[in-house]
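Colleague: I'd like to ask you about the structure that follows.
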Amino acid sequence: MAELRVVVAGAGGRMGAANIRAVTSLAGLTLHAAIDRAGAPAVGRDAGLYAGIEPLGVEISEDIEAALDGADAIIDFTAPAASVALAQKAGARGLIHVIGTTGLGEADDVAIAAAASGARIVKSGNFSMGVTVLANLVRKAAEALAEYDIEILEMHHSRKVDAPSGTALLLGQAAAEGRDISLRDHSVRVRDGHTGPREKGTIGFATLRGGTVVGEHSVIFAGPSERIEMIHRAEDRAIFAHGAARAALWAQSQPNGLYAMTDVLGL
Ligand SMILES: NC(=O)C1=CN([C@@H]2O[C@H](COP(=O)(O)OP(=O)(O)OC[C@H]3O[C@@H](n4cnc5c(N)ncnc54)[C@H](OP(=O)(O)O)[C@@H]3O)[C@@H](O)[C@H]2O)C=CC1
Ligand SMILES: O=C(O)C1=N[C@H](C(=O)O)C[C@H](O)C1
């Protein structure tokens, strides 16, 4: 099979750099173009040098349409509005679109699902193998421990702009599926002041921010006289970038549609 020609979106960002390193180091992919927000400081810089590796001769560009000409796939860890716009372009051109962006609203999700009629879109709040497997374990534990209270705690670096994290919501969704309830109707995202006792059957979220933490998530099942804690600690952004690259390669042999990382891993 020919090498997959990948456009890395958000090339000037933390994940953009990790994605450039992954795409240029893994077999089966080639860096076709790198793009960033119009006017961003990375625009005009060599994508390799910006990502801390050797020069690649690929300049980070703000011209999205030119970048997509001749491309097969977009790996996109940017911002919600940018990801929706890229999904629509991927749909119009029949591309593969891997979306790692978090903080998407309901309208964004609807627009991305609509774009997937013309594209192969793989979207996940976390592209690591560890979290994808953890979500399956959480679903099973939530079902088996039907009476236990579920709390999800996450900590990320001080530059993160959305909360709860996409991963916390993904794990919450897995727990809700295990309980056969709607996460939207059962989640408690903030506690402050005189809250009263915990409402039975809810899924609580707590958010910590600070320093350079790549990403830590705990799912706590608290029952009578015992507690189970499932913890994932991300140590390097390469785990997300490698998962995204794997998703792009997997999507090559799929029909148009919207997929999750569980589909990629066959879970
Ligand atoms: N699903 C997963 O596995 C993971 C998801 N993420 C998510 O990925 C996203 C990015 O994270 P991170 O790299 O840390 O954030 P950064 O802020 O470091 O990077 C985001 C990049 O996207 C750029 N950008 C913003 N708007 C546009 C646009 N319209 N077109 C092109 N580029 C744009 C930003 O430019 P500028 O700064 O100039 O605005 C920046 O370079 C977040 O939503 C984060 O939560 C992160 C890690 C793993
Ligand atoms: O913004 C980040 O950094 C991360 N975002 C994702 C999330 O919101 O869960 C994934 C990872 O935890 C890092």
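Cβ atoms are placed via backbone N, Cα and C, with glycine included.
Fair warning: this is a prediction, and the values are worked out from it, not measured in the lab.
Checked TrEMBL, it gives:
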{"type": "DOMAIN", "residues": "5-127", "note": "domain 'Dihydrodipicolinate reductase N-terminal'"}
{"type": "BINDING", "residues": "Gly10, Ala11, Gly12, Gly13, Arg14, Met15, Asp36, Gly100, Thr101, Thr102, Ser124, Gly125, Asn126, Phe127", "note": "NAD(+) binding site"}
{"type": "BINDING", "residues": "Arg37", "note": "NADP(+) binding site"}
{"type": "DOMAIN", "residues": "130-265", "note": "domain 'Dihydrodipicolinate reductase C-terminal'"}
{"type": "ACT_SITE", "residues": "His156", "note": "active site, proton donor/acceptor"}
{"type": "BINDING", "residues": "His157, Gly166, Thr167", "note": "(S)-2,3,4,5-tetrahydrodipicolinate binding site"}
{"type": "ACT_SITE", "residues": "Lys160", "note": "active site, proton donor"}
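Tell me about the surroundings of these features in the structure.
Modeller: Taken together, the residues in the domain 'Dihydrodipicolinate reductase N-terminal' (5-127) have a mean pLDDT of 98 on the 0 to 100 scale.
Around the Cβ of Gly10 (NAD(+) binding site), 27 further Cβ atoms fall within 10 Å across all displayed protein chains.
Under 8 Å, Cβ to Cβ, and six or more positions away along its own chain, Arg37 (NADP(+) binding site) finds Gly10, Gly12, Val43, Glu62, Thr78, Ala82. In the three-state DSSP assignment, the secondary structure recorded for Arg37 (NADP(+) binding site) is coil.
Mapped onto three states, the DSSP output places His156 (active site, proton donor/acceptor) in strand. A sphere of 10 angstroms centred on the C-beta of His156 (active site, proton donor/acceptor) encloses 25 other C-beta atoms.
Applying an 8 A CB threshold to same-chain residues 6+ apart, the list for Thr167 ((S)-2,3,4,5-tetrahydrodipicolinate binding site) reads Thr102, Gly125, Asn126, Val131, Glu154, Gly215, His217, His232.
Listed in sequence order, Arg209 are the same-chain residues at least 6 apart in sequence whose CB falls under 8 Å from the CB of Lys160 (active site, proton donor).
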Colleague: Is any of Gly10, Asp36, Asn126, His157, Thr167 (binding-site residues) within Cβ reach of ligand 1, i.e. under 6 A, and which?
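Modeller: Correct list: Gly10, Asp36, Asn126.
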Colleague: Tell me the Cβ contacts of Asp36 (NAD(+) binding site) under 8 Å, same chain only and six or more apart in sequence, or just say none.
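Modeller: Looking at Cβ-Cβ distances below 8 Å from Asp36 (NAD(+) binding site), excluding near sequence neighbours, one finds Ala9, Gly10, Ala11, Gly12, Gly13, Gly16, Ala42, Val43, Ile60, Ser61, Glu62.
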Colleague: For Thr101 (NAD(+) binding site), just give me the three-state DSSP call.
Modeller: coil
Colleague: Mind tallying the domain 'Dihydrodipicolinate reductase C-terminal' (130-265) by DSSP state, helix then strand then coil?
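Modeller: Counting residues by DSSP class gives 52 helix, 38 strand, 46 coil.
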Colleague: Using all protein chains in view, find how many other C-beta atoms are within 10 Å of the C-beta of Thr101 (NAD(+) binding site).
Modeller: 24
Colleague: Looking at Cβ-Cβ distances, which residues of the chain lie under 8 angstroms from Gly166 ((S)-2,3,4,5-tetrahydrodipicolinate binding site) while being 6 or more apart from it?
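Modeller: Non-local contacts for Gly166 ((S)-2,3,4,5-tetrahydrodipicolinate binding site): Thr102, Gly103, Ser124, Gly125, Asn126.
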